[in-house]
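Here's what TrEMBL has on this protein:
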type: COMPBIAS; residues: 81-91; note: compositional bias 'Polar residues'
type: COMPBIAS; residues: 93-121; note: compositional bias 'Basic and acidic residues'
type: COMPBIAS; residues: 143-152; note: compositional bias 'Basic and acidic residues'
type: COMPBIAS; residues: 153-172; note: compositional bias 'Polar residues'
type: DOMAIN; residues: 190-242; note: domain 'Trichome birefringence-like N-terminal'
type: DOMAIN; residues: 243-535; note: domain 'Trichome birefringence-like C-terminal'
type: REGION; residues: 76-183; note: region 'Disordered'
type: REGION; residues: 492-517; note: region 'Disordered'
type: TRANSMEM; residues: 20-40; note: transmembrane segment
Amino acid sequence: MSSFSSKDPSALSYPKSLLSIVTTVGGLAVFLILASSFLVSQPIGAAVHEYFYGVHQLKRPNLLDGDRVTLADSRRDDVVSNDTPNFNLTVEENEKGLEDEKDQSSKSQDEKKEPDSKGEQIESSTRKPILSDSNHSVVQPHPESKQEDEKSNNFSLQKESKNEGTLPSSNSHSEDVRPNSINQATLDPECDLYHGKWIPDQSGPLYRNDSCPVLTQMQNCQGNGRPDKDYESWRWKPAQCDLPRFDPKKFLELMRGKTLAFIGDSVARNQMESMLCILWQYEVPKNRGNKKMQRYYFRSTSTMIVRIWSSWLVNQTSGPLDFAPAGVAKLHLDVPDDGFMQYIPQFDVVVLSSGHWFAKQSVYVLNNEIVGGQLWWPDKSRNMKVNNVEAFGISVETILTAMATHPNFSGITIVRSFSPDHYEGGAWNTGGSCTGKVKPAEDGELAENGFTNIMHEKQFTGYSRAIKKKNNKSALLFMDITEVFAYRHDGHPGPYRSPDPNKITKRGPDGKPPPQDCLHWCMPGPVDTWNELVFDLVRREFERRQSNVS
């Protein structure tokens, strides 16, 4: 037997090789652990972390620090697939902004024409915010323009504003006019919001015309060259309480996980754009609209703002019916518009707007029987049972009853009352004008407007009848802005409807005023108050529901 020698090199080769391998593997493991920790802690790590754990973290903007969510921030939302509320719709991610009006196959040729140039009227427009007992048929002086809506979405959310990120926020807060805290209005939750006065507001508007890319050009009064801007700096002060200044951060928090829908005509579009412009100052939303509806998603609180076009809020057909030929719009006054009713269960707050399209040529149908018409009644020997004002009242009762009895709707319906126009000295096409109005009217300046009065009366009657039929858990609220806004003859675009430098803004040698819009509202301007009222109504209703639960 040979003896073992410690000096034998072959005897040490195996232990040395094993030690080397162990050391190498250990070092590699330590490196991988350190590298993985570094990657996960860096921006690229967010993607890795999200891939493995399904969690995506973005720093939320802090309003107190003056930060705002930028357009670049909103684009990062694209990687999050589970942020979209549960809408059973086909979403087309169109960054150019898709057409915002509901393109129904049943729309008549008449509706596709521009009502601003084709509408007619009978009665001159004068003003006084008092209800009228008149039962005569009166035609609205200014039909609104659907063409405006077709233009209003021709913008891109991808388009970088040259001022974006550099403009100082106009959402400043002044203590000399109205308190900022929404809790102060809570002190008197039953305060009458609709009787008070307009007071100067040194804090200025909630946004600037050049800080909101969704603003329709025809309502961009400053961008269209209007020389005065004091109309932007008035606030509505209820006589018995304070209406808080709109705080976009608080509103989005109030609407966390909820959807607000504006449904109706181009005045609904006016209000919806105002809401978006206000919220835009805090967070840039994601455009998730399609051909059926505009949809803007605010990721910080999973809040969706929606708009759906519906001219009359009731069902409309264009085919022949009895003695009415094809091509003339038939309004089925007793049938709600299914174009938006199918989505109602998915909405938490709905703001309805209608009325001005009842000046447009149409046939009125009840129980599949022709009962009247507007600018259409070929057989004078037939008795017309329903005129345009009565048709409006019936339509209001129909749609509000549908909302108040819908078995799957428990949200809030806000009926914004009839929005007054301010054509003085005539109607929209007979020399009416609002040129030169630079501040709210005084009591002595208000003149009676019979059409506005009777439309407001019929609308409230329809609302009152629907309330009596309510059998679901929803809330039905009447936001009565008609008298409040009778004073705001200064808030319309007037002749400043386009940026055309050659547009006529002065009366001609014969004294005839230039073409103008005294129906829609400048932005920013008085229309922003509508959304402050919406904010307060929604807050009160949510608080009422919470108190009932507790």
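Note: Cβ is positioned from N, Cα and C throughout, glycine not excepted.
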Whole-number mean of pLDDT values that fall within the domain 'Trichome birefringence-like N-terminal' (190-242): 96
Helix, strand and coil counts within the domain 'Trichome birefringence-like N-terminal' (190-242) (DSSP): 9 helix, 10 strand, 34 coil
Counts of helix, strand and coil residues, the region 'Disordered' (492-517), according to DSSP: 0 helix, 2 strand, 24 coil
